[in-house]
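Participant: So TrEMBL lists these for the protein:
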type	residues	note
TRANSMEM	7-25	transmembrane segment
TRANSMEM	45-65	transmembrane segment
TRANSMEM	72-94	transmembrane segment
TRANSMEM	106-126	transmembrane segment
TRANSMEM	138-160	transmembrane segment
TRANSMEM	166-184	transmembrane segment
TRANSMEM	205-232	transmembrane segment
TRANSMEM	238-257	transmembrane segment
Amino acid sequence: MSRAERARLSAVVFVVLFTQLLVYPGVDRLVDALGGAPTIDAGTAFLAVQLGAFVLFSAVWGALSDRVGCRVPFVVAGAVGGTAAYLALAALVVTDLGDFRVALALRFLEGAFTIGAFSLSITMLMDLDGGHGKNMGAAGIAIGGGAAIGAPVGGQLYAFGPLAPILFAAALLSAVAVAVSTLPDRAAGQRQDVAAAFDGLRGRTGLLVPFAFGFADRFAAGFFGLVGTFYFRDAFGLDPAAIGLLLACFFVPFALLQYL
């Protein structure tokens, strides 16, 4: 049973990372459709507010899950909330209501919900038996695969319009909610105190090394993903489809070789 659960939870992790990278190759077009200027500053703001929400709310979702003693309802809530936020972004364009500031607020809300589905899916993998090495390996492959494939697919989707990537992301997150709702909750009844978690970190200063590496790793990927998009557009006149393929040239080996 753990093998099937591991595969489904890994698929959830893959989908969430995949949806994040969908918007990158044509983020300037999406920002323009949402009422912003198609510049690197506006693109940075649109991507940064989501990642800021990731940082702020990942601990919140974890604390809620530990306090209540379950995970599945929170993963479902995160996926449903992310779906609603993506659809609300599309509605801004269709109805011509609001402006780019409203879009940024919705993007922040989307990030606040989506990180719940992402982080708690990884936590559910850790709840499985079979060893943390195997379970975290599955999570790592899912993260790398989602990052590697999301950009080229997103670039192709922009051919159907600037809203296509976020509508596709909404559909995938809704599927995540359905898929996770049928999984058993291995953490049921295991209530933990947040203070105890921080106390455990204080006693393991060696964790600062992988934390620092993880920060540098994600910083490099995010920087290249954003700056590369605008550089390839301005320097070579490439469209989102071509930009997505070039981003994949970075993300695919970046994703695969880090596990060797």
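Cβ atoms here come from the backbone N, Cα and C positions, even for glycine.
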Participant: Test of understanding: applying the rule of at least three C-beta pairs under 8 Å (pairs 6 or more apart in sequence), is the transmembrane segment (7-25) touching the transmembrane segment (205-232)?
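Facilitator: Touching, yes - the transmembrane segment (205-232) and the transmembrane segment (7-25) meet the threshold of 3 or more Cβ pairs under 8 Å.
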Participant: Hey, which bits of the same chain come close to the transmembrane segment (238-257), Cβ under 8 Å, at least six residues off its ends?
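Facilitator: Residues 21, 24-26, 29, 143-145, 147-149, 151-156, 158-159, 221, 224-225, 228-229, 232 contact the transmembrane segment (238-257) from elsewhere in the chain.
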